[in-house]
Amino acid sequence: MDAVTVNNFFLIGAVLVGMSILVSSLSSRLGIPILVIFLAVGMIAGNDGVGGIVFDNYPMAYLVGNLALAVILLDGGLRTRVSSFRVALWPALSLATLGVLVTTGLTGIAAAWLFDLHWMEGLLIGAIVGSTDAAAVFSLLGGKGLNERVTATLEIESGSNDPMAVFLTVTLIEMLASGQTGLSWGFVLHLLQQFGLGALLGLGGGWLLLQLINRMHLAGGLYPLLVISGGLLVFALANAVGGSGILAIYLCGLLLGNRPIRSRHGILHMLDGMAWLAQIGMFLVLGLLVTPHDLWPIALPALALALWMILVARPLSVLIGLIPFRAFHDREKAFIAWVGLRGAVPIILAVFPLMAGLPNAQLFFNVAFFIVLVSLLVQGTSLPWAAKLLRVVVPPDPAPISRAGLEIHPTSEWELFVYHLNKEKWCIGAALRELKMPEGTRIAALFRGTQLLHPSGSTILEADDILCVIGHEHDLPALGKLFSQAPDRGLGARFFGDFVLEGDAQLSAVASLYGLKLDGVDGEQPLGRFIAHEIGGEAVIGDQVEWNGLTWTVAALEGNRIRKVGVKFPEGRAGPGLFL
């Protein structure tokens, strides 16, 4: 490769990445998932597009795809809270295993019939598109305000279901290449090996990396690089010994993100940029790889297969996978079924048959690409609409306009929160001493216009003041009520109900107040405990229960305990204006 070729490579790469970033602003305006924008830029620059770039290097696409996916999963694991596991771990694992099997089987049967393939080739297509995509899910769910049970289930599922899809794909390719026509017990043992070694190396490698980071004294910019290199080492080792590298790097990130770690905010900040670069690079390469005119001959059967998977296979897999978990409302199941987003993983898996030289390998790739495109356009575009229709959106928590970490101690979790005081806030005109600040927080600075003031207890807050507060992440809900822009009160009333009651209120007192019948229910128990029992599992904000003709909604939690409950009356029925 001469100097001119290298320079052209840099030039083309910089133009494509820059274009992807610039046109990504169209995503929110047009309501199109940003990943589709990246994919479209690659296709436009490709063989059939205006760029005319011929790219058919499948091993290179496989390399870029795996590297990008590893970085995205590492970042996703770092941002996943272990606390979300209390409501979603087992349901997500059920969907990641049983759900993928059901989706693979149903999609494979349809694929074999639609494309006149052997049943094992049909199953191979089903396995290739059988898993939801972490990059797509993390990208499209961020900031949507979904309830915790739905968000956690979808994110954990997308981070843990790739091993099953990879395993099924590799196994079926080996069977087709060797002429096998049946399954053996080795199939199950290999699956257990993938999950077992992946989990062991992911958690073990994450723990060792955590100890190394907290004991090393490095320049601040080197810690994120150490995390990335360590995560990739875990990924590669797990693959080398027959485990799941995808699961391993996700669990490695999960452990690092939920333990005190040196330079946490620097790591998260850089990983955020790297994850975006990985998504852009991966979808650009995959867009360049496809030849759009090859998709037209298979468009109708591929569209039928995509709709079959979206409307039949995915919903049935969710329905079967969530049977043991009664906490899930039908609305939540329907939304989880709809957000079975496919992304880069199926396209990367579709490269496997090409590299193995299987007959019909190009067909498998084109079908997988078409299904991903339909999934992102149909499911991804309709996600906000579906969330509102199925009522899985909860009113957002107020948040600071910015936050930054304070590395006071190697494992310090102190942060600086910046709040802009809007004129609608009740605290305008109040003295600082009147504010009920959370214990352990301090007001560090107050800006008025361009002036830095020295705040004291007698300082009166004015509209458009900027407050800087030092505290911890768990202080954010209380601080938000004091300083942040409050959400529309009408939105809260419409969602949580006409009145909000304390979860500790005695059920018999609530029944007496609202004229309700207990009908054998223990009236001595707290309202929150009764609602939790009716939900049938770990509660999340937004959970709803119908009882005595009223709608009871979980409005606030304290740990696993329901702290506040909203009550909504049917139209035309008034209730007492009291708070218990």
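Cβ from N, Cα, C; glycine included.
Listed features, source Swiss-Prot:
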DOMAIN    403-485  domain 'RCK C-terminal'
TRANSMEM  34-54  transmembrane segment
TRANSMEM  58-78  transmembrane segment
TRANSMEM  95-115  transmembrane segment
TRANSMEM  122-142  transmembrane segment
TRANSMEM  163-183  transmembrane segment
TRANSMEM  185-205  transmembrane segment
TRANSMEM  218-238  transmembrane segment
TRANSMEM  241-261  transmembrane segment
TRANSMEM  270-290  transmembrane segment
TRANSMEM  303-323  transmembrane segment
TRANSMEM  335-355  transmembrane segment
TRANSMEM  363-383  transmembrane segment
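Most Cβ pairs within less than 8 Å of the transmembrane segment (95-115), among stretches 58-78, 218-238, 241-261, 303-323, 363-383, belong to 303-323. The transmembrane segment (270-290) makes contact with the transmembrane segment (34-54): 3 or more of their CB pairs lie within 8 A, with pairs spaced 6 or more apart in sequence. It is 363-383 that, among the stretches 58-78, 303-323, 363-383, forms the most Cβ pairs under 8 Å with the transmembrane segment (122-142).
In summary, the transmembrane segment (58-78) lies against the transmembrane segment (218-238): three or more C-beta pairs, each 6 or more positions apart in sequence, are under 8 Å. Restricting the average to the domain 'RCK C-terminal' (403-485) gives a pLDDT of 84. Outside the transmembrane segment (335-355) by six or more residues, the chain places 35, 58-59, 61-62, 65-66, 68-69, 95, 103, 124, 127-129, 131-137, 140-141, 146, 150, 153-154, 158, 162, 165-166, 169-170, 173, 282-283, 286, 289, 309-310, 314-315, 318-319, 322, 328, 361-362, 364-365, 367-369, 371-372, 375-376, 379-380, 382-383, 386-387, 390, 392 with a CB less than 8 A from a CB of the stretch. Across the domain 'RCK C-terminal' (403-485), the DSSP tally of helix, strand and coil residues reads 14 helix, 27 strand, 42 coil.
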